[in-house]
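*Asks:* Following this message is one structure expressed as structure tokens.
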Amino acid sequence: MLDFFSKKGNEDSEEIVLIEDKMPKHIAIIMDGNGRWAKKRGLPRTMGHRAGVKTIKTIVKECDKLGVKYLTLYAFSTENWKRPEDEVNALMKLVVEFIKNEIDELHQNGVRVQTIGDLSRFPEEPKKAILWAMEKTKDNTGVVLSLALNYGGRNEIVRGIKSVIEDVKAGKISIDDINEDMFNDYLYTKGMPDPDLIIRPSGEQRLSNFLLWQCAYSEFWYSQINWPDFNGEDLRKAIFDYQNRDRRFGGIK
């Protein structure tokens, strides 16, 4: 067992005991609340995003310490292009800054960086930085940090279906070969386990087009805390709640 004396945000402290054998293999987080965090402090939204980037480092370290193998972060959705141009440009710059400032430490700690989503629309500078980080860390065996960039769950499924159809037409597979396991190989998350736990801070309770195929049996945990204020204690509380649920996967116990 892993024993922590912790507290949730500003609430009363409480003891959290985590069980190593019940640790989620894959945690996915919808990093929400940057704008609210900034507005509350009278700051521009871009400052909220910058504060949120610092939280990423904290949570990656915590996952490594706890033995969580896969961490997927919803960083930029296919719908985020609709935001004001200056905000989108600021987000692209933050991607580059994050990689330049953090990649050496991530690499030294064995973190493998990868992405899910379509990078083709990304500007050249952030795209090069991302690909460089992936190449630099490709042989690492620690936490697998997947950044969801220009990602949308519906888009991913449609893309996968199109690829399946193309392979059927080309004679590479037959219709009888198609099943859930095979279709998984046509998704961005190929080779990864489905998320055991999906966390969304900020008080919102929706999926926002995130991992729609993969979340069929995921457990969800919502928090009123905005992402820039989310910390290791909050992560442990989410895991504690997850470990005390009865996961039946559609069956009966």
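Cβ atoms are placed via backbone N, Cα and C, with glycine included.
What Swiss-Prot shows for this protein is this:
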- D32, E219: Mg(2+) binding site (BINDING)
- D32: active site (ACT_SITE)
- 33-37, R45, H49, 77-79, W81, R83, R200, 206-208: substrate binding site (BINDING)
- N80: active site, proton acceptor (ACT_SITE)
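Locate each feature and note its surroundings.
*Replies:* Residue density at D32 (Mg(2+) binding site): 23 other Cβ atoms are found within 10 A of its Cβ, drawing on all protein chains shown.
Cβ neighbours of H49 (substrate binding site) (same chain, under 8 Å, six or more residues apart in sequence): N34, E87, A90, L91, L94.
In this structure, N80 (active site, proton acceptor) is part of a helix by DSSP.
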*Asks:* Quick check: in three-state DSSP terms, what is H49 (substrate binding site)?
*Replies:* helix
*Asks:* Name the residue among the binding-site residues G33, G35 whose Cβ has the smallest number of other Cβ atoms within 10 Å.
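*Replies:* Checked G33, G35; of these binding-site residues, fewest Cβ neighbours within 10 Å: G35.
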*Asks:* Going along the chain, which residues six or more apart from T78 (substrate binding site) have their CB under 8 A from its CB?
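*Replies:* Once residues fewer than 6 apart are set aside, T78 (substrate binding site) is near G117, D118, N150, Y151, G152, N155, N209.
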